[in-house]
Amino acid sequence: MARIPECTILLLLCMCVLAVPAQCFNLQPCVLVNETVSVEKEGCPRCLVFRTTICSGHCPTKEPVYKSPFSVVNQHVCTYGNFRYETIRLPDCADGVDPLVTYPVALSCECSLCSMDTSDCTIESVEPDFCMSQRLPVYESQKPSLYDY
């Protein structure tokens with residue numbers, strides 16, 4: 001019986017792994033998710049934490065084998081398709097500080113280029129509910145309106 005070299009077996013295993021589509025790795029597609037986020041502002045001593053809808057998940061992407069200095073690689077990210085803006089009032093702000101903060105709420109998601117107008121396009125950022133000041137929890141059903149203060 002002919003002996004198969006170890007490098008041939010290794011090559012076959014690598015080819016099998018590369019041939020497996022991304023769906024087999026249980027990568028969540030780009031979808032709407034409910035997420036706890038925080039808002040804070042200089043001059044307001046508390047960080048307001050609440051739940052809202054954001055986009056999260058995996059987008060198919062291609063990485064070229066040959067990278068030319070003249071080619072442009074556009075990576076698609078999971079971002080807002082449609083959205084609306086909501087405004088929330090931060091409590092206990094100093095005199096002269098506008099207590100209103102406006103933020104986007106995702107209505108639909110899509111895989112497209114990242115827009116700095118609505119998204120954090122950094123490679124690695126802080127968690128969405130990160131606070132530098134004292135946390136003031138507000139839950140989805142208790143989110144204050146503009147007129148609660």
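Placement of Cβ uses the backbone N, Cα and C atoms for every residue, glycine included.
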Check: Per Swiss-Prot, which of Cys7, Cys111, Cys114 is disulfide-bonded to Cys59?
Finding: Cys111
Notebook entry, point to check: With reference to Swiss-Prot, which of the candidate residues Cys30, Cys44, Cys47, Cys55 participates in the disulphide bond with Cys93?
Noted result: Cys44
Check: The disulfide recorded in Swiss-Prot for Cys55 goes to which of Cys109, Cys114, Cys121, Cys131?
Finding: Cys109
Next item on the list: Could you tell me which of Cys7, Cys78, Cys114, Cys121 is bonded to Cys30 by a disulfide, according to Swiss-Prot?
Entry: Cys78
Notebook entry, point to check: When you check Swiss-Prot, which of Cys114, Cys131 turns out to share a disulphide bond with Cys121?
Noted result: Cys114
Notebook entry, point to check: By the DSSP assignment reduced to helix, strand and coil, which category contains Cys78 (disulfide bond)?
Noted result: strand
Notebook entry, point to check: What disulfide-bonded residues in the list Cys55, Cys59, Cys131 lie within 10 angstroms of Cys114 (disulfide bond), counting C-alpha atoms?
Noted result: none
Margin query: Given the recorded positions Asn34, Cys47, Cys93, Cys131, tell me which ones have a C-alpha lying within 10 Å of the C-alpha of Cys78 (disulfide bond).
Written below: none
Item checked: Densest Cβ neighbourhood among Cys93, Cys109 (disulfide-bonded residues), 10 Å radius -> Cys109
